[in-house]
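**Q** TrEMBL lists these features:
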- 344, 345, 346, 347, 348, 349, 350, 351: ATP binding site (BINDING)
- 514-626: coiled coil (COILED)
- 730-805: domain 'Smr' (DOMAIN)
């Protein structure tokens, strides 16, 4: 249920309809725009949104999709139903072009369906089919200029050949007459044969018209020239005219037969034309979505408003033309806080916030993508009630306040747990004390109904009621108290001040007037407003302290992670060293025992001859000095492998590579699309291929040789130092696009290498260009789980928090 009847115009959706019509290329799509209706059918909304999201991809990345000849042929199909009626050449030409476009659309979706793309659009095209015999017949009869082809029938070909032959003979005879008349001076040299009334004639000066026997068909505007058909070509012209009549009859017969051939296919043609209309309509929605930077949010089959960076669509388009950016809106309404009470100064953005919520929700439930961040969650409501603007009526004897009360009556009757209501300037239009009391009583009942809603107000009693009532929450439009300027940002969790006295002072009202106003208002109210401002200041101080604590906690977590990583690494290396030493010692002991046994055997065999015994003893002493020294228990370095080719060529598995801008050298373990998994020492990391440079085996050996650690690879890479110096916070404010993205890539390389779960990129707000550039670039990293704005008090949209998988 929607209330009131003028809801669309009050929210501005009528302007959205007009923009959609402008984006359509035919009346087919425009008629679908007129049919847009608000619905609470979750499955239908989901399907419409996904169709539009798929078409948005086509609009942005598929230039081959058919763009022209979305022709409305519904009237032709209606006329074709009538027995004995033949469609004209022009009507068949339009039908031919429309069917060609439909077939091109179907082929496009069929081809992409093989790739698994655009399943919802393919489902839309599923029942659509056009008989190939019919389209072949249209192609065979109608040429690409909309005329019946000579080959449409043997009889038509014969007639047209005969017409051409007769016209050539006639032209020769007339040329002869014209030449003779020109020699006689009856016709100027610059005049030639022409056609009047479908017959070939010669132009001749009026004073000489009787010198050639014939029939005058026309004369010039001045009357000085007449267009005469010589008598000797009467029969030839008549013969041509008869042939033209015969041609016309044959064309009618061909078109009648073609119409009869179309008639049995009318049901499938109606479906095909309806498909073309839907394609035009969905494409218009997709075009508007691109203009709005609209997305497909997470749709929930329950009442819910959990939006990030929502923008008023019409305000966004208007500001876009002016080169300005809209302050986005973040809002959440759920089962715990269903009703939001927004307060704050006039012209601070309360009404815009209210209309943003109404228009965006209405667009969503009409099957349109909406300007919110894609990780926003949007629910489905059964009822949408709004009370915005002045509905006073002289005809119905309604004052402003009476009209508001009439609306509230409808709200109270129809509100339930699946209702979203929006009220602008709740309780105004009457004496403030009474209006505030009635508004509070109405709000109490609306809250009991379980409905969801947003209310704008200046009434203190409603702010206090929201503060102490479960299900309600206060919100404030932020205001710069120092410069007395609105910030147009919504902050949920506290009420806002109207800043009436401050604004009055800024405008220039005498201080004595402002002071008397404070006295008349009463100490309690003044103290309340003062308390709100002090609370705001304290909240900002707390936010700054909270930010500082948060940063320190992250640093501590970072250091702890670094310590654990180093400890694990050292423990593993120690275990490996001990294991290798044990293996080495075991081998040496075995060899020593073997040599002792051999020595004893040789002494026995040589019967303890002095020289032989001395020689065997010397060999044993040499082995002891060489092999059983303490330093031989140290694990040997890995043996060198065969030489590889120097740098150059394609990077493959096993290649040795260096990260651009760094001294780290490692080995490629695997390739995954545009990413490579590399090993640098004990660490593995995924790096983009365009960030890697292939190096020779020689370079790799030199880097390895420079580091005497048992497991180290790359002597110039101090991982411990890198881990200690790395910061999860990157500041790229003031940098240009390529420079900034280079910084981001190096930042991500180190973060991925060191395994950080959360990162922070400071890019500033500005016009949002650098922010969008960075976020789009970060989406190319498969390791990025999601991105979100920092808290408003810690930088908001000027900082992107990157959550890693």
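Positions of Cβ are set from backbone N, Cα and C atoms, glycine also.
Whatever TrEMBL says is automated annotation, not expert-curated.
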**Q** Please classify the secondary structure at residue 351 (ATP binding site) using three-state DSSP.
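**A** SS state of residue 351 (ATP binding site) = helix.
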**Q** Please count the residues of the domain 'Smr' (730-805) that DSSP assigns to helix (H, G, I), strand (E, B) and coil.
**A** 34 helix, 19 strand, 23 coil
**Q** Across all chains shown, how many C-beta atoms besides its own are within 10 angstroms of the C-beta of residue 349 (ATP binding site)?
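**A** Here the count is 23.
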**Q** Just checking, which of 344, 345 (binding-site residues) has the fewest C-beta atoms within 10 Å of its C-beta?
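**A** Among the binding-site residues 344, 345, the sparsest Cβ neighbourhood within 10 Å belongs to 345.
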**Q** Which residues, sitting 6 or more apart from residue 351 (ATP binding site) on the same chain, put a CB under 8 Å from its CB?
**A** 388, 424, 456
**Q** Averaged across the domain 'Smr' (730-805), what pLDDT does the model get? Just tell me the whole number, please.
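**A** Result for the domain 'Smr' (730-805): average pLDDT 85.
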